[in-house]
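K.L.:
One structure coming up, written as structure tokens, with questions to follow.
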Amino acid sequence: MIITPYLNRKITRPLKWILALIFLYLIYICLFSNNSKPPKPRKKPKLVENYTCPFARTEGTASENLFFHTNNGTDARILVILDSLFSRHGKTIIQILNSQKLQFKAEAVSKNLPVLTTSRRGRYSLIIIENYYKYLNMAQWNRQLLDKYCKEYRVPMFSFMSSKPNDQLKRIKIKGSSLWMWQNQRIQRLAVTPSIIHRISKIGNYRQFSSSDPADWILFETSEKFESVLSGTVKSGYERAVVVRDKGLEDGVERIIFGRNLTDFQVKITFLDALWWAMGNQKSFTLDRFVQVDIDDVFVGAQGTRIVEEDVRKLISTQKEFRNYVQNFTFMLGFSGSYFRNGDDLEDRGDEFLVENAEKFVWFPHMWRHNHAHEHNFTYLEAIMAQNKLFAQNMHLPVDYPYAIAPQHDGVFPVHEQLFRAWRKVWNVSVTATEEYPHFKPATARKGFIHAGIHVLPRQTCGLYTHTQLFDEYPEGFDKVQKSIEGGDLFFTILLNPISIFMTHQQNYAYDRLALYTFENLFRFIKCWTNIKLKWQDPLTSSQLYFQKFPDERTPLWTNPCTDPRHHAILPPSINCTKKSLPDLLIIGPQKTGSTALASFLSLHPNTSQNTPVPGSFEEVQFFGGQNYLKGVEWYMSNFPSSSTVTFEKSATYFDNPSAPKQAASLVPHAKIVIILQNPAQRAYSWFQHILAHEDPVAITAGSLEVILDSNSTSSKKVRQRCISGGRYVHHLTKWLEHFSLQQMIFVDSDELKMKPPTVLNSLSKWLDLPEFPFETYIRYSPSKGFHCRLLDGKTKCLGESKGRKYPEMPENLRRKLDKIFSLDNSALYKFLRKNRLKIPTWLEESVRIRA
């Protein structure tokens with residue numbers, strides 16, 4: 001049966017009319033309504049006069065064969081003696097040394113000089129003293145020692161002098177020298193004078209000073225013994241040295257003395273030149289500087305702030321002009337395809353015109369919708385990258401190089417592993433860049449690293465951000481940018497970095513086009529004042545060059561992401577900063593000294609917790625300096641699930657690993673360090689027995705440690721090194737003390753640990769500020785094992801069979817041979833402990849007494 005509902009014609013007729021009217025309205029909207037976005041009225045870009053070089057000659061004046069200073073057997077390291085570790089000028093010196101990747105040791109001036117030599121060579125190739133007055137008034141013994149070192153090892157000295165405002169004396173003879181100085185001087189001209197020091201500076205260049213500039217310069221009188229490097233001319237017309245080179249003809253010590261601090265850009269360039277004269281060589285020094293300018297988010301921006309067609313035309317023409325300053329210069333354009341044609345009519349046309357001229361630029365991908373990597377997993381990241389790649393293919397964008405940039409550098413550092421995986425899979429990325437490694441500030445300390453096959457280069461800012469579009473609205477005035485260009489931070493960014501990758505945004509190329517002004521004037525100023533050769537090369541070539549120059553940076557240096565607010569903001573959810581997940585204490589060995597027993601006993605304390613056992617590495621984490629380090633911070637944190645008062649790990653491989661101190665200090669700088677001191681002869685013998693039990697083929701073939709010590713074969717030398725290395729205490733301690741203070745360390749006597757473990761544990765727990773705990777109740781000697789074990793629930797729990805292994809006593813002739821090998825090391829350890837008023841183990845007392 002069919003049921004037909006009752007229809008009232010009075011109801012259906014009006015409904016039909018309403019539907020018809022709606023249909024007609026929709027047709028009208030489609031045909032006649034103007035659906036375009038009205039463009040925001042654009043003013044013409046403000047014209048600002050470009051920098052003009054005051055010299056007709058702009059070609060370089062550097063010598064083809066530069067002279068470099070040579071030392072007599074010294075390490076490539078600098079000793080910096082500062083007025084204070086917190087002085088502003090001292091920090092500037094340190095930042096320059098960091099930027100040049102130079103190894104240095106910085107100390108505040110004190111009564112005692114640091115040790116200047118090892119048993120075989122000098123520790124430093126250059127001495128920098130921030131305050132020359134402090135050097136002149138140094139205790140006679142210290143100054144004689146310093147001068148003797150500089151003379152014997154041909155080590156130059158740099159130092160700075162400043163005027164004393166209230167001193168009435170103008171002309172003063174420098175103490176112990178024939179050099180005369182003038183203080184509180186006002187100069188009219190500062191000029192670069194001929195000298196073997198200059199590399200970057202253009203000889204003959206000068207700049208004028210006004211009569212209102214302060215009279216606070218120090219000038220030096222020159223002679224055959226003292227050469228001017230940078231000169232200042234006073235009102236009377238006399239030309240004297242602002243920077244003087246003492247040739248060492250009086251006392252055998254070469255010095256470069258600066259009469260001005262590094263706030264003046266010409267003085268700063270001279271300091272940089274002097275550094276390369278003292279520390280460089282023909283192979284390491286170059287005047288080439290590679291510059292890459294990235295335009296990030298070329299389609300991203302609020303309506304009314306984006307580039308239009310005229311801006312694109314100007315971008316193309318300016319790129320050609322820039323090639324007069326920078327060889328092969330090409331802009332790099334980063335894209336998030338979802339935002340294409342997302343502006344008003346003029347801006348949409350700008351996007352279209354940019355794509356029409358895509359072949360004129362180099363393109364690289366961001367994310368499809370400017371996504372933040374740390375918020376997404378691998379599957380999602382892969383999908384949005386694939387969308388962006390499809391967009392690039394459809395628009396015929398030439399993505400010619402395996403280079404990508406993550407929006408806001410999110411996921412690069414701290415590393416988001418899933419971003420790296422997705423990059424490799426979708427784009428086959430092998431190069432990226434970030435401003436966040438190891439930290440955003442200071443910029444001079446930024447570095448590169450390689451992770452998961454991707455080369456990460458340091459990235460630089462230029463003072464331009466998405467909101468900086470107009471000269472008149474620049475925060476703090478556009479004078480700030482001009483100062484940065486003309487001898488300021490931006491200028492020195494290029495001078496200090498062999499490769500500079502600058503981050504800009506498309507908004508910086510709209511309206512007043514601040515980016516074009518900034519870089520044109522930067523290039524002009526560099527060409528005017530320096531011999532630097534500016535070049536562009538693709539990012540893949542740059543990455544290869546960077547890590548060829550700085551191979552030590554290949555392995556990343558992990559930091560605690562929870563202590564840097566910028567890093568904390570871009571952490572993946574898997575890292576929880578509210579939970580303590582890094583150790584407070586490291587038991588670093590060395591191996592075969594009882595470190596496993598110490599860790600086992602310390603874990604008895606209810607307020608301590610040890611890392612979870614790690615398979616394949618004798619339950620040790622073996623993170624710092626080992627293969628596990630490449631697994632990253634998140635993996636390391638995952639080994640410390642507890643949040644006890646004191647969390648610790650024991651990895652006996654750390655002590656003599658050359659990379660461990662620096663890596664540990666970077667991640668856990670406030671950790672306390674436990675070092676166990678055992679007679680190195682006994683330790684070497686124990687280690688040999690250990691590898692013999694583990695069937696090391698070289699040890700088995702040799703049969704005894706004595707044979708290993710006498711053999712000259714390569715394989716035997718490696719085993720010998722493994723046996724001997726851990727017992728060279730002061731040699732390795734020196735490296736740990738470069739990164740940790742002595743107050744962070746405690747030394748445990750291995751013999752005392754073996755005989756009286758509760759005493760050692762009580763002392764250790766007190767040092768760690770732990771509540772008292774009756775260790776003697778939970779530690780018992782096991783006659784069958786021959787060592788102490790833990791007592792839990794009335795039962796002894798001893799270490800495994802590999803611990804406390806019984807083996808024949810060491811032959812007396814072998815002991816004598818090992819004692820001789822370690823005699824100098826033992827003597828150094830004795831002096832170190834005595835100097836620092838630390839307890840000296842009985843075995844060490846006897847060793848030194850027998851040797852005496």
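Going from the start of the chain as shown, residues are counted 1 onward.
Placed from the backbone N, Cα and C atoms, the Cβ positions cover glycine too.
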K.L.:
Swiss-Prot annotation: C789 disulfide-bonded to which of C723, C798?
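P.N.:
Partner cysteine, according to Swiss-Prot: C798.
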K.L.:
Just name the most isolated of the glycosylation sites N50, N712, going by other Cβ atoms within 10 Å of its Cβ.
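P.N.:
Selected from the glycosylation sites N50, N712 on minimum Cβ neighbours within 10 Å: N712.
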K.L.:
Other Cβ atoms within 10 Å is the metric here; tell me which of the glycosylation sites N261, N328 scores highest.
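P.N.:
When each Cβ's neighbours within 10 Å are tallied, N261 leads.
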K.L.:
Sort the binding-site residues G594, T596, Y807 by C-alpha distance from N428 (N-linked glycosylation site) and give me just the closest.
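P.N.:
It is T596, whose Cα lies nearest.
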K.L.:
Between N607 (N-linked glycosylation site) and T596 (3'-phosphoadenylyl sulfate binding site), find the distance joining the two CA atoms and give it rounded to the nearest Å.
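P.N.:
Counting only the Cα atoms, the answer is 19 Å.
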K.L.:
Work out how many Å separate T596 (3'-phosphoadenylyl sulfate binding site) and N377 (N-linked glycosylation site) at their Cα atoms, rounded off.
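P.N.:
Each residue's Cα considered, T596 (3'-phosphoadenylyl sulfate binding site) and N377 (N-linked glycosylation site) end up 39 Å apart.
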K.L.:
Looking at the glycosylation sites N50, N377, N576, whose Cα is closest in space to that of G594 (3'-phosphoadenylyl sulfate binding site)?
P.N.:
N576
K.L.:
Are there any residues in the same chain, six or more apart in sequence, whose C-beta is under 8 angstroms from the C-beta of N72 (N-linked glycosylation site), and if so which?
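P.N.:
G122, E152, Y153, R154 - these are the non-local Cβ neighbours of N72 (N-linked glycosylation site), listed in sequence order.
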